[in-house]
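What Swiss-Prot annotates here:
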DOMAIN    8-36  domain '4Fe-4S ferredoxin-type 1'
BINDING   C17, C20, C23, C56  [4Fe-4S] cluster 1 binding site
BINDING   C27, C46, C49, C52  [4Fe-4S] cluster 2 binding site
DOMAIN    37-66  domain '4Fe-4S ferredoxin-type 2'
Amino acid sequence: MVELKVKTEMDVDRNLCNYCGACVGMCPTDAIWLDETVIKIHEEKCIECGFCIVGCPTGAITAEWFHGNL
């Protein structure tokens, strides 16, 4: 049986992000990396654990699929 998983895009609010890198350190699959001016999320590597969302001190990362706290 094939399992299909629909992924929705994660959003990083550039006005809230202070580029501290906390999300990078929280990601267990190295799906997030920090450029000098941009947080990049590799959607194919993301396992939707929510660690980056909860670990962000400014609340800059959001996703439609994430509701609640870890």
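Glycine too: its Cβ is placed from the backbone N, Cα and C atoms.
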| Additional residues around [4Fe-4S] cluster 2, ordered along the sequence, whose Cβ is within 8 Å of the centroid of C27, C46, C49, C52 | C23, M26, P28, T29, A31, I32, I41, I47, E48, G50, F51, I53
| So which other residues, same chain and not among C17, C20, C23, C56, have a Cβ within 8 Å of the centroid of the Cβ atoms at the [4Fe-4S] cluster 1 site? | V12, N18, Y19, G21, A22, I39, C52, G55, P57, T58, A60, I61
| query | Rounded to the nearest angstrom, how far is the Cα of C46 ([4Fe-4S] cluster 2 binding site) from the Cα of C20 ([4Fe-4S] cluster 1 binding site)? | reply | 20
| query | Mean pLDDT for the domain '4Fe-4S ferredoxin-type 1' (8-36), as a whole number? | reply | 90
| Collapsed DSSP category at C23 ([4Fe-4S] cluster 1 binding site) | helix
| remark: Taking all protein chains shown into account, the Cβ-based neighbour count within 10 Å for C27 ([4Fe-4S] cluster 2 binding site) is 19
| remark: Sequence-ordered binding-site residues within 10 Å (Cα) of C23 ([4Fe-4S] cluster 1 binding site), taken from C46, C49, C52, are C52
| Could you state the CA-to-CA distance between C17 ([4Fe-4S] cluster 1 binding site) and C52 ([4Fe-4S] cluster 2 binding site) to the nearest Å? | 12
